[in-house]
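*Asks:* Okay, here's the structure, questions in a sec.
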Amino acid sequence: MSRYAHPAGPRHADVLPEEHPPIPPHDLTELDADVWPRSAARAADGELTIGGVGVTELAREYGTPLYVLDEADFRARARDYRLAFGDADADVYYAGKALLTKAVARWVHEEGLKLDVCSGGELAVALAAGVPPQSIGLHGNNKSVAELARAVEVGVGRVIVDSFDEIDRLERVAADRGRVVDVLVRVTTGVEAHTHEFVATAHDDQKFGLALSSGAAAEAVRRTLASAHLDLVGLHSHIGSQIFDTAGFEVAARRLAEFLTEVHAEHGTPLRELDLGGGLGIAYVTGDRPLEPKVIADRLLGIVRRECESHGLPMPRIAVEPGRAIAGPCGVTLYEVGTIKDVEGIRSYVSVDGGMSDNIRTALYGADYTCVLASRASDTEPTLSRLVGKHCESGDVLVRDLYLPGDLRPGDLVAVAATGAYCHSMASNYNHLARPAVVAVRDGAARTLVRRETEDDLLRRDVG
Ligand SMILES: Cc1ncc(COP(=O)(O)O)c(C=O)c1O
Ligand SMILES: N[C@@H](CCCC[NH3+])C(=O)O
(Lines of atoms letter the chains of each structure in order from A and count residues from 1; the text may use other names and numbers.)
(Lines give C-alpha, C1' and ligand atoms only; values in the text may rest on other atoms or scores of the structure.)
(Ligands and ions follow the chains in the order given, each with its own letter.)
Protein backbone atom coordinates (compact mmCIF):
# COMPACT_ATOMS: atom_id res chain seq x y z
CA MET A 1 0.00 0.00 0.00
CA SER A 2 1.44 3.34 -0.98
CA ARG A 3 1.34 5.81 1.88
CA TYR A 4 2.76 8.96 0.40
CA ALA A 5 1.21 11.72 -1.62
CA HIS A 6 3.18 13.48 -4.34
CA PRO A 7 6.73 14.71 -3.61
CA ALA A 8 7.93 18.20 -3.10
CA GLY A 9 11.68 18.35 -3.71
CA PRO A 10 13.38 17.74 -7.07
CA ARG A 11 16.41 15.97 -5.60
CA HIS A 12 15.23 12.41 -6.14
CA ALA A 13 12.69 12.94 -8.89
CA ASP A 14 14.76 11.20 -11.56
CA VAL A 15 15.38 8.00 -9.63
CA LEU A 16 12.25 7.37 -7.64
CA PRO A 17 9.52 5.32 -9.25
CA GLU A 18 6.80 7.67 -10.46
CA GLU A 19 4.03 5.92 -8.59
CA HIS A 20 5.71 5.83 -5.18
CA PRO A 21 7.39 9.16 -4.66
CA PRO A 22 7.72 9.70 -0.91
CA ILE A 23 7.44 13.13 0.57
CA PRO A 24 9.13 14.04 3.82
CA PRO A 25 6.79 13.88 6.80
CA HIS A 26 6.14 17.12 8.67
CA ASP A 27 7.65 15.91 11.90
CA LEU A 28 10.15 13.06 12.06
CA THR A 29 9.67 12.60 15.80
CA GLU A 30 5.93 12.07 15.57
CA LEU A 31 4.55 8.69 16.67
CA ASP A 32 1.38 7.90 14.73
CA ALA A 33 -0.96 6.30 17.29
CA ASP A 34 -2.34 3.98 14.61
CA VAL A 35 1.08 2.47 14.03
CA TRP A 36 2.95 2.54 17.37
CA PRO A 37 2.15 0.59 20.56
CA ARG A 38 -0.36 2.32 22.80
CA SER A 39 2.26 3.16 25.43
CA ALA A 40 4.83 4.57 22.97
CA ALA A 41 5.79 8.14 23.85
CA ARG A 42 8.63 10.63 23.56
CA ALA A 43 10.33 11.65 26.82
CA ALA A 44 11.14 15.32 27.39
CA ASP A 45 14.55 14.90 25.71
CA GLY A 46 12.96 13.16 22.70
CA GLU A 47 13.91 9.60 23.59
CA LEU A 48 11.30 6.96 22.68
CA THR A 49 9.79 5.12 25.63
CA ILE A 50 7.61 2.03 25.51
CA GLY A 51 5.73 0.74 28.53
CA GLY A 52 7.42 3.55 30.44
CA VAL A 53 10.93 2.27 29.67
CA GLY A 54 13.42 4.28 27.60
CA VAL A 55 14.93 2.61 24.56
CA THR A 56 18.49 3.56 25.58
CA GLU A 57 18.09 1.63 28.82
CA LEU A 58 16.55 -1.31 26.93
CA ALA A 59 19.44 -1.40 24.46
CA ARG A 60 22.00 -1.13 27.26
CA GLU A 61 20.39 -3.88 29.29
CA TYR A 62 19.38 -6.34 26.56
CA GLY A 63 21.42 -5.38 23.49
CA THR A 64 20.20 -4.84 19.93
CA PRO A 65 18.46 -5.85 17.76
CA LEU A 66 15.72 -6.24 20.31
CA TYR A 67 12.06 -7.15 20.02
CA VAL A 68 10.15 -5.05 22.54
CA LEU A 69 6.57 -6.00 23.41
CA ASP A 70 4.10 -3.68 25.12
CA GLU A 71 2.44 -6.22 27.40
CA ALA A 72 -0.50 -4.04 28.40
CA ASP A 73 -1.19 -3.30 24.74
CA PHE A 74 -1.07 -6.99 23.81
CA ARG A 75 -3.45 -7.87 26.61
CA ALA A 76 -5.78 -4.99 25.74
CA ARG A 77 -5.97 -6.00 22.08
CA ALA A 78 -6.63 -9.62 23.04
CA ARG A 79 -9.34 -8.45 25.43
CA ASP A 80 -10.82 -6.14 22.79
CA TYR A 81 -11.32 -9.14 20.52
CA ARG A 82 -12.81 -11.28 23.27
CA LEU A 83 -15.20 -8.50 24.32
CA ALA A 84 -16.12 -7.69 20.73
CA PHE A 85 -17.37 -11.24 20.25
CA GLY A 86 -18.29 -11.55 23.93
CA ASP A 87 -22.08 -11.44 23.77
CA ALA A 88 -22.27 -13.92 20.94
CA ASP A 89 -21.86 -17.65 21.05
CA ALA A 90 -18.29 -17.27 19.87
CA ASP A 91 -14.67 -18.18 20.57
CA VAL A 92 -11.61 -16.13 19.83
CA TYR A 93 -8.52 -18.23 19.14
CA TYR A 94 -5.26 -16.26 19.13
CA ALA A 95 -3.18 -17.51 16.17
CA GLY A 96 0.14 -18.42 17.77
CA LYS A 97 1.99 -18.39 14.46
CA ALA A 98 2.07 -14.58 14.70
CA LEU A 99 4.11 -14.64 17.91
CA LEU A 100 4.31 -17.37 20.49
CA THR A 101 6.32 -17.53 23.69
CA LYS A 102 5.27 -19.13 26.96
CA ALA A 103 4.43 -15.72 28.44
CA VAL A 104 2.42 -14.74 25.38
CA ALA A 105 0.46 -18.00 25.60
CA ARG A 106 -0.28 -17.27 29.27
CA TRP A 107 -1.41 -13.72 28.51
CA VAL A 108 -3.78 -15.07 25.87
CA HIS A 109 -5.20 -17.62 28.27
CA GLU A 110 -5.50 -15.12 31.13
CA GLU A 111 -7.39 -12.74 28.85
CA GLY A 112 -9.96 -15.45 28.11
CA LEU A 113 -8.93 -16.39 24.57
CA LYS A 114 -8.24 -19.83 23.18
CA LEU A 115 -5.12 -20.66 21.19
CA ASP A 116 -4.55 -21.85 17.65
CA VAL A 117 -1.29 -23.70 17.02
CA CYS A 118 -0.06 -25.05 13.71
CA SER A 119 2.81 -27.37 14.58
CA GLY A 120 4.05 -29.71 17.26
CA GLY A 121 6.50 -27.00 18.32
CA GLU A 122 3.76 -24.41 18.86
CA LEU A 123 1.72 -27.04 20.69
CA ALA A 124 4.71 -27.73 22.97
CA VAL A 125 5.03 -24.03 23.84
CA ALA A 126 1.30 -23.78 24.59
CA LEU A 127 1.41 -26.84 26.83
CA ALA A 128 4.59 -25.70 28.57
CA ALA A 129 2.81 -22.40 29.29
CA GLY A 130 -0.01 -24.30 30.99
CA VAL A 131 -2.73 -23.56 28.44
CA PRO A 132 -5.46 -26.18 28.95
CA PRO A 133 -5.40 -28.57 25.99
CA GLN A 134 -9.17 -28.19 25.58
CA SER A 135 -8.57 -24.53 24.68
CA ILE A 136 -6.16 -25.41 21.88
CA GLY A 137 -6.94 -25.95 18.20
CA LEU A 138 -4.40 -27.68 15.96
CA HIS A 139 -3.93 -26.50 12.38
CA GLY A 140 -1.56 -27.46 9.60
CA ASN A 141 -1.65 -28.74 6.03
CA ASN A 142 0.82 -31.56 6.72
CA LYS A 143 0.51 -32.63 10.32
CA SER A 144 2.74 -35.59 11.07
CA VAL A 145 1.56 -38.73 12.83
CA ALA A 146 3.70 -37.69 15.82
CA GLU A 147 2.02 -34.26 15.95
CA LEU A 148 -1.44 -35.78 15.68
CA ALA A 149 -0.60 -38.39 18.31
CA ARG A 150 0.59 -35.76 20.78
CA ALA A 151 -2.51 -33.65 20.14
CA VAL A 152 -4.82 -36.62 20.69
CA GLU A 153 -2.96 -37.86 23.76
CA VAL A 154 -3.01 -34.48 25.51
CA GLY A 155 -6.63 -33.96 24.44
CA VAL A 156 -6.58 -30.78 22.33
CA GLY A 157 -10.01 -29.24 21.89
CA ARG A 158 -10.11 -29.65 18.12
CA VAL A 159 -8.09 -30.59 15.09
CA ILE A 160 -8.76 -28.69 11.88
CA VAL A 161 -8.36 -31.36 9.21
CA ASP A 162 -6.84 -30.22 5.95
CA SER A 163 -6.64 -33.26 3.64
CA PHE A 164 -7.89 -36.79 3.02
CA ASP A 165 -4.50 -38.18 4.06
CA GLU A 166 -4.84 -36.39 7.35
CA ILE A 167 -8.37 -37.67 7.94
CA ASP A 168 -7.05 -41.23 7.52
CA ARG A 169 -4.02 -40.55 9.71
CA LEU A 170 -6.03 -38.89 12.47
CA GLU A 171 -8.61 -41.64 12.46
CA ARG A 172 -5.90 -44.29 12.94
CA VAL A 173 -4.21 -42.26 15.67
CA ALA A 174 -7.51 -41.75 17.51
CA ALA A 175 -8.62 -45.37 17.03
CA ASP A 176 -5.29 -46.72 18.34
CA ARG A 177 -5.82 -44.70 21.49
CA GLY A 178 -9.52 -45.36 21.84
CA ARG A 179 -10.35 -41.67 21.51
CA VAL A 180 -12.92 -39.58 19.67
CA VAL A 181 -11.50 -36.30 18.38
CA ASP A 182 -13.47 -33.15 17.60
CA VAL A 183 -12.63 -31.95 14.09
CA LEU A 184 -13.41 -29.09 11.76
CA VAL A 185 -12.95 -29.48 8.02
CA ARG A 186 -10.87 -26.68 6.51
CA VAL A 187 -12.74 -25.55 3.46
CA THR A 188 -11.41 -23.39 0.64
CA THR A 189 -14.22 -21.23 -0.58
CA GLY A 190 -12.59 -19.89 -3.74
CA VAL A 191 -12.47 -16.34 -2.38
CA GLU A 192 -9.69 -14.20 -3.82
CA ALA A 193 -8.69 -12.11 -0.80
CA HIS A 194 -7.34 -8.64 -1.51
CA THR A 195 -3.89 -9.17 -0.10
CA HIS A 196 -0.42 -10.31 -1.15
CA GLU A 197 -0.49 -13.51 -3.22
CA PHE A 198 1.73 -15.32 -0.69
CA VAL A 199 -0.74 -14.75 2.15
CA ALA A 200 -4.04 -15.41 0.37
CA THR A 201 -5.34 -18.84 1.28
CA ALA A 202 -8.86 -19.46 0.01
CA HIS A 203 -8.43 -19.57 -3.77
CA ASP A 204 -8.39 -23.04 -5.29
CA ASP A 205 -4.84 -23.16 -6.63
CA GLN A 206 -2.86 -23.48 -3.37
CA LYS A 207 -1.98 -26.02 -0.72
CA PHE A 208 -4.47 -25.34 2.08
CA GLY A 209 -7.84 -26.87 2.72
CA LEU A 210 -10.41 -28.84 0.76
CA ALA A 211 -12.16 -27.06 -2.06
CA LEU A 212 -15.90 -26.48 -2.14
CA SER A 213 -15.84 -26.20 -5.92
CA SER A 214 -14.33 -29.65 -6.61
CA GLY A 215 -16.51 -31.49 -4.11
CA ALA A 216 -13.46 -32.30 -1.94
CA ALA A 217 -14.98 -30.49 1.05
CA ALA A 218 -18.22 -32.48 0.72
CA GLU A 219 -16.25 -35.71 0.53
CA ALA A 220 -14.24 -34.75 3.64
CA VAL A 221 -17.49 -34.10 5.50
CA ARG A 222 -18.76 -37.54 4.43
CA ARG A 223 -15.58 -39.28 5.58
CA THR A 224 -15.42 -37.51 8.95
CA LEU A 225 -19.11 -38.13 9.63
CA ALA A 226 -18.63 -41.80 8.81
CA SER A 227 -15.77 -42.20 11.26
CA ALA A 228 -16.37 -43.58 14.72
CA HIS A 229 -13.30 -41.75 15.99
CA LEU A 230 -13.86 -38.30 14.53
CA ASP A 231 -16.65 -36.01 15.65
CA LEU A 232 -17.36 -33.40 12.99
CA VAL A 233 -18.02 -30.19 14.88
CA GLY A 234 -18.03 -27.76 11.98
CA LEU A 235 -16.28 -26.01 9.15
CA HIS A 236 -13.26 -23.76 9.00
CA SER A 237 -12.36 -21.11 6.45
CA HIS A 238 -9.36 -18.76 6.41
CA ILE A 239 -9.24 -16.46 3.41
CA GLY A 240 -5.83 -14.83 3.91
CA SER A 241 -3.91 -12.35 5.99
CA GLN A 242 -3.51 -8.54 6.33
CA ILE A 243 -7.03 -7.91 5.00
CA PHE A 244 -8.68 -4.53 5.57
CA ASP A 245 -12.31 -5.07 4.71
CA THR A 246 -14.93 -7.71 5.41
CA ALA A 247 -16.09 -8.21 1.82
CA GLY A 248 -14.04 -11.40 1.37
CA PHE A 249 -15.42 -12.79 4.63
CA GLU A 250 -18.91 -12.03 3.38
CA VAL A 251 -18.41 -14.06 0.21
CA ALA A 252 -16.79 -16.88 2.18
CA ALA A 253 -19.62 -16.90 4.75
CA ARG A 254 -22.24 -17.02 1.99
CA ARG A 255 -20.56 -20.00 0.35
CA LEU A 256 -20.14 -21.72 3.71
CA ALA A 257 -23.81 -21.20 4.57
CA GLU A 258 -24.81 -22.72 1.24
CA PHE A 259 -22.52 -25.63 1.97
CA LEU A 260 -23.94 -26.04 5.49
CA THR A 261 -27.36 -26.29 3.89
CA GLU A 262 -26.16 -29.00 1.53
CA VAL A 263 -24.55 -30.90 4.41
CA HIS A 264 -27.79 -30.62 6.36
CA ALA A 265 -29.81 -31.89 3.39
CA GLU A 266 -27.45 -34.81 2.70
CA HIS A 267 -26.79 -35.95 6.25
CA GLY A 268 -29.55 -34.40 8.33
CA THR A 269 -26.87 -33.01 10.65
CA PRO A 270 -26.66 -29.27 11.33
CA LEU A 271 -22.99 -28.54 12.00
CA ARG A 272 -22.45 -26.68 15.26
CA GLU A 273 -19.50 -24.42 14.47
CA LEU A 274 -18.19 -22.07 11.85
CA ASP A 275 -14.63 -20.85 12.19
CA LEU A 276 -13.94 -17.86 9.94
CA GLY A 277 -10.17 -17.87 10.56
CA GLY A 278 -7.94 -14.85 11.04
CA GLY A 279 -6.46 -12.38 8.62
CA LEU A 280 -7.47 -8.99 9.98
CA GLY A 281 -5.08 -6.28 8.92
CA ILE A 282 -3.13 -3.74 10.99
CA ALA A 283 -1.59 -0.34 10.29
CA TYR A 284 2.06 -0.61 9.32
CA VAL A 285 2.29 2.93 7.98
CA THR A 286 0.28 6.09 8.29
CA GLY A 287 -2.86 5.83 6.20
CA ASP A 288 -3.45 2.11 6.76
CA ARG A 289 -6.95 1.91 8.20
CA PRO A 290 -7.78 -1.36 9.93
CA LEU A 291 -11.26 -1.96 11.26
CA GLU A 292 -11.99 -1.96 14.99
CA PRO A 293 -12.61 -5.42 16.53
CA LYS A 294 -16.19 -4.44 17.45
CA VAL A 295 -16.94 -3.45 13.86
CA ILE A 296 -15.38 -6.68 12.59
CA ALA A 297 -17.33 -8.77 15.11
CA ASP A 298 -20.64 -7.09 14.33
CA ARG A 299 -20.12 -7.46 10.60
CA LEU A 300 -18.97 -11.10 10.70
CA LEU A 301 -21.73 -12.15 13.08
CA GLY A 302 -24.27 -10.20 11.01
CA ILE A 303 -23.12 -11.85 7.80
CA VAL A 304 -23.34 -15.38 9.21
CA ARG A 305 -26.69 -14.67 10.91
CA ARG A 306 -28.16 -13.34 7.66
CA GLU A 307 -26.84 -16.21 5.58
CA CYS A 308 -28.06 -18.84 8.05
CA GLU A 309 -31.50 -17.21 8.33
CA SER A 310 -31.85 -17.09 4.58
CA HIS A 311 -31.04 -20.80 4.39
CA GLY A 312 -33.25 -21.69 7.36
CA LEU A 313 -30.27 -22.90 9.39
CA PRO A 314 -29.70 -22.46 13.12
CA MET A 315 -26.95 -19.94 13.91
CA PRO A 316 -23.72 -21.93 14.50
CA ARG A 317 -21.15 -21.12 17.17
CA ILE A 318 -18.64 -18.73 15.60
CA ALA A 319 -14.87 -18.79 16.00
CA VAL A 320 -12.22 -16.37 14.74
CA GLU A 321 -8.42 -16.65 14.80
CA PRO A 322 -6.74 -13.24 14.86
CA GLY A 323 -2.95 -13.31 15.14
CA ARG A 324 -1.43 -10.21 13.60
CA ALA A 325 -4.23 -7.92 14.82
CA ILE A 326 -3.33 -8.75 18.44
CA ALA A 327 0.45 -9.21 18.36
CA GLY A 328 1.47 -6.91 15.51
CA PRO A 329 0.83 -3.40 16.76
CA CYS A 330 2.27 -3.93 20.24
CA GLY A 331 5.76 -4.91 19.07
CA VAL A 332 8.68 -2.69 18.11
CA THR A 333 12.17 -3.70 16.99
CA LEU A 334 15.12 -1.65 18.20
CA TYR A 335 18.30 -1.54 16.14
CA GLU A 336 21.60 0.26 16.47
CA VAL A 337 22.75 2.20 13.44
CA GLY A 338 26.15 0.98 12.24
CA THR A 339 27.07 2.31 8.81
CA ILE A 340 25.56 5.17 6.86
CA LYS A 341 26.34 5.33 3.18
CA ASP A 342 25.12 8.24 1.13
CA VAL A 343 24.63 7.13 -2.44
CA GLU A 344 24.95 10.52 -4.08
CA GLY A 345 21.79 11.79 -5.67
CA ILE A 346 19.82 8.69 -4.78
CA ARG A 347 19.41 7.99 -1.08
CA SER A 348 21.18 7.24 2.14
CA TYR A 349 21.65 3.57 3.06
CA VAL A 350 21.38 3.16 6.81
CA SER A 351 22.70 -0.23 7.93
CA VAL A 352 21.60 -1.64 11.26
CA ASP A 353 22.75 -4.60 13.33
CA GLY A 354 19.93 -6.98 12.27
CA GLY A 355 18.03 -7.40 9.03
CA MET A 356 16.13 -10.03 7.11
CA SER A 357 16.96 -12.64 9.79
CA ASP A 358 14.83 -10.79 12.35
CA ASN A 359 12.28 -9.38 9.88
CA ILE A 360 11.88 -11.22 6.59
CA ARG A 361 8.59 -9.52 5.71
CA THR A 362 9.95 -6.68 3.61
CA ALA A 363 12.09 -9.04 1.54
CA LEU A 364 9.37 -11.66 1.28
CA TYR A 365 6.22 -9.61 0.74
CA GLY A 366 7.49 -6.11 -0.04
CA ALA A 367 5.96 -5.08 3.29
CA ASP A 368 5.98 -1.44 4.38
CA TYR A 369 7.14 -0.32 7.80
CA THR A 370 7.51 2.86 9.81
CA CYS A 371 10.83 3.67 11.44
CA VAL A 372 12.02 6.57 13.61
CA LEU A 373 15.19 7.76 15.29
CA ALA A 374 14.48 6.50 18.79
CA SER A 375 17.35 7.43 21.12
CA ARG A 376 17.07 11.22 20.76
CA ALA A 377 15.23 13.99 19.04
CA SER A 378 16.53 15.76 15.98
CA ASP A 379 15.11 18.58 13.94
CA THR A 380 17.65 18.44 11.14
CA GLU A 381 16.60 18.18 7.50
CA PRO A 382 14.98 14.82 6.60
CA THR A 383 17.08 12.60 4.35
CA LEU A 384 15.54 10.03 2.06
CA SER A 385 16.86 6.73 3.35
CA ARG A 386 16.61 3.00 3.09
CA LEU A 387 16.95 0.95 6.25
CA VAL A 388 18.97 -2.16 5.49
CA GLY A 389 20.40 -5.05 7.47
CA LYS A 390 23.84 -6.61 7.68
CA HIS A 391 23.18 -9.74 5.63
CA CYS A 392 24.94 -10.75 2.45
CA GLU A 393 21.98 -9.88 0.22
CA SER A 394 21.12 -6.65 -1.52
CA GLY A 395 17.48 -7.58 -0.88
CA ASP A 396 18.18 -7.40 2.85
CA VAL A 397 15.93 -4.38 3.26
CA LEU A 398 13.92 -3.56 6.38
CA VAL A 399 12.27 -0.32 5.28
CA ARG A 400 12.42 0.56 1.59
CA ASP A 401 11.61 4.24 1.66
CA LEU A 402 11.75 6.39 4.74
CA TYR A 403 13.01 9.72 5.92
CA LEU A 404 15.48 9.90 8.78
CA PRO A 405 17.10 13.00 10.26
CA GLY A 406 20.09 14.30 8.32
CA ASP A 407 22.31 14.13 11.40
CA LEU A 408 21.73 10.41 11.98
CA ARG A 409 25.01 8.84 13.09
CA PRO A 410 26.45 5.44 14.01
CA GLY A 411 25.41 4.48 17.52
CA ASP A 412 21.94 6.02 17.24
CA LEU A 413 19.05 3.73 17.97
CA VAL A 414 16.20 3.42 15.49
CA ALA A 415 12.88 1.71 16.13
CA VAL A 416 10.71 -0.06 13.57
CA ALA A 417 7.02 -0.17 14.50
CA ALA A 418 4.40 -2.92 14.22
CA THR A 419 6.87 -5.79 14.29
CA GLY A 420 5.08 -7.83 16.97
CA ALA A 421 3.70 -10.35 14.49
CA TYR A 422 5.58 -12.55 12.04
CA CYS A 423 9.03 -11.16 12.85
CA HIS A 424 10.26 -13.12 15.86
CA SER A 425 8.16 -16.08 14.70
CA MET A 426 9.76 -16.03 11.23
CA ALA A 427 13.30 -15.22 12.39
CA SER A 428 16.27 -17.23 11.13
CA ASN A 429 19.99 -17.59 11.76
CA TYR A 430 20.96 -16.57 8.23
CA ASN A 431 24.65 -15.67 8.08
CA HIS A 432 24.85 -17.12 11.60
CA LEU A 433 23.35 -14.08 13.20
CA ALA A 434 22.08 -14.79 16.69
CA ARG A 435 18.36 -14.22 17.03
CA PRO A 436 17.38 -11.22 19.18
CA ALA A 437 15.83 -11.35 22.62
CA VAL A 438 12.13 -10.70 23.16
CA VAL A 439 11.50 -8.34 26.05
CA ALA A 440 8.17 -7.35 27.58
CA VAL A 441 7.74 -3.84 28.95
CA ARG A 442 5.03 -2.72 31.31
CA ASP A 443 4.58 -0.03 33.97
CA GLY A 444 8.16 1.19 33.70
CA ALA A 445 9.77 -2.25 33.96
CA ALA A 446 11.18 -4.70 31.42
CA ARG A 447 11.65 -8.46 31.57
CA THR A 448 13.04 -11.05 29.21
CA LEU A 449 10.56 -13.42 27.57
CA VAL A 450 13.04 -15.04 25.20
CA ARG A 451 16.75 -14.50 25.76
CA ARG A 452 19.11 -13.47 23.00
CA GLU A 453 20.90 -16.32 21.25
CA THR A 454 24.59 -16.69 21.91
CA GLU A 455 27.53 -18.01 19.94
CA ASP A 456 27.20 -21.22 21.99
CA ASP A 457 23.60 -21.56 20.82
CA LEU A 458 24.74 -21.17 17.25
CA LEU A 459 27.40 -23.87 17.65
CA ARG A 460 25.43 -26.28 19.85
CA ARG A 461 23.73 -28.22 17.06
CA ASP A 462 26.80 -28.26 14.83
CA VAL A 463 28.16 -31.56 16.06
CA GLY A 464 30.34 -32.58 13.09
C1 LIG B 1 -5.66 -20.92 9.60
C2 LIG B 1 -5.14 -19.60 10.03
N3 LIG B 1 -5.74 -18.99 11.08
C4 LIG B 1 -5.31 -17.79 11.52
C5 LIG B 1 -4.25 -17.15 10.91
C6 LIG B 1 -3.83 -15.85 11.47
O7 LIG B 1 -3.82 -14.86 10.54
P8 LIG B 1 -3.59 -13.35 10.96
O9 LIG B 1 -2.32 -13.30 11.74
O10 LIG B 1 -3.49 -12.68 9.67
O11 LIG B 1 -4.75 -12.94 11.77
C12 LIG B 1 -3.62 -17.74 9.81
C13 LIG B 1 -2.55 -17.05 9.06
O14 LIG B 1 -2.80 -16.39 8.07
C15 LIG B 1 -4.06 -19.00 9.37
O16 LIG B 1 -3.47 -19.62 8.36
N1 LIG C 1 3.57 -14.62 7.72
C2 LIG C 1 2.70 -13.80 6.96
C3 LIG C 1 1.28 -14.13 7.01
C4 LIG C 1 0.96 -15.58 6.92
C5 LIG C 1 0.01 -15.88 7.98
C6 LIG C 1 -0.13 -17.32 8.27
N7 LIG C 1 -1.06 -18.03 7.41
C8 LIG C 1 2.98 -12.33 7.20
O9 LIG C 1 3.94 -11.99 7.78
O10 LIG C 1 2.27 -11.48 6.77
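Each Cβ is built from the backbone N, Cα and C atoms, and glycine gets one as well.
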*Asks:* Besides Gly279, Glu321, Pro322, Gly323, Arg324, which of Tyr67, Tyr403, Tyr422, Tyr430 does TrEMBL list for that pyridoxal 5'-phosphate site?
*Replies:* Tyr422
*Asks:* Please go through the binding-site residues Glu321, Gly323, Arg324, Tyr365 one by one and keep those whose C-beta falls under 6 A from any atom of ligand 1; give the result in sequence order.
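*Replies:* Among Glu321, Gly323, Arg324, Tyr365, near ligand 1: Glu321, Gly323, Arg324.
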*Asks:* How many Å lie between the Cα of Lys97 (N6-(pyridoxal phosphate)lysine) and the Cα of Tyr422 (pyridoxal 5'-phosphate binding site)?
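*Replies:* Computed Cα spacing between Lys97 (N6-(pyridoxal phosphate)lysine) and Tyr422 (pyridoxal 5'-phosphate binding site) is 7 Å.
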*Asks:* Measure from each Cβ of the binding-site residues Gly279, Glu321, Pro322, Arg361, Glu393, Tyr422 to the atoms of ligand 2 and list the residues where some distance is under 6 Å.
*Replies:* Arg361, Tyr422
*Asks:* Mean pLDDT for the domain 'Orn/DAP/Arg decarboxylase 2 N-terminal' (72-327), rounded to an integer?
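*Replies:* 93, rounded to a whole number.
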*Asks:* In whole Å, how far is Arg361 (substrate binding site) from Gly323 (pyridoxal 5'-phosphate binding site) when you measure between their Cα atoms?
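*Replies:* A Cα-Cα distance of 15 Å.
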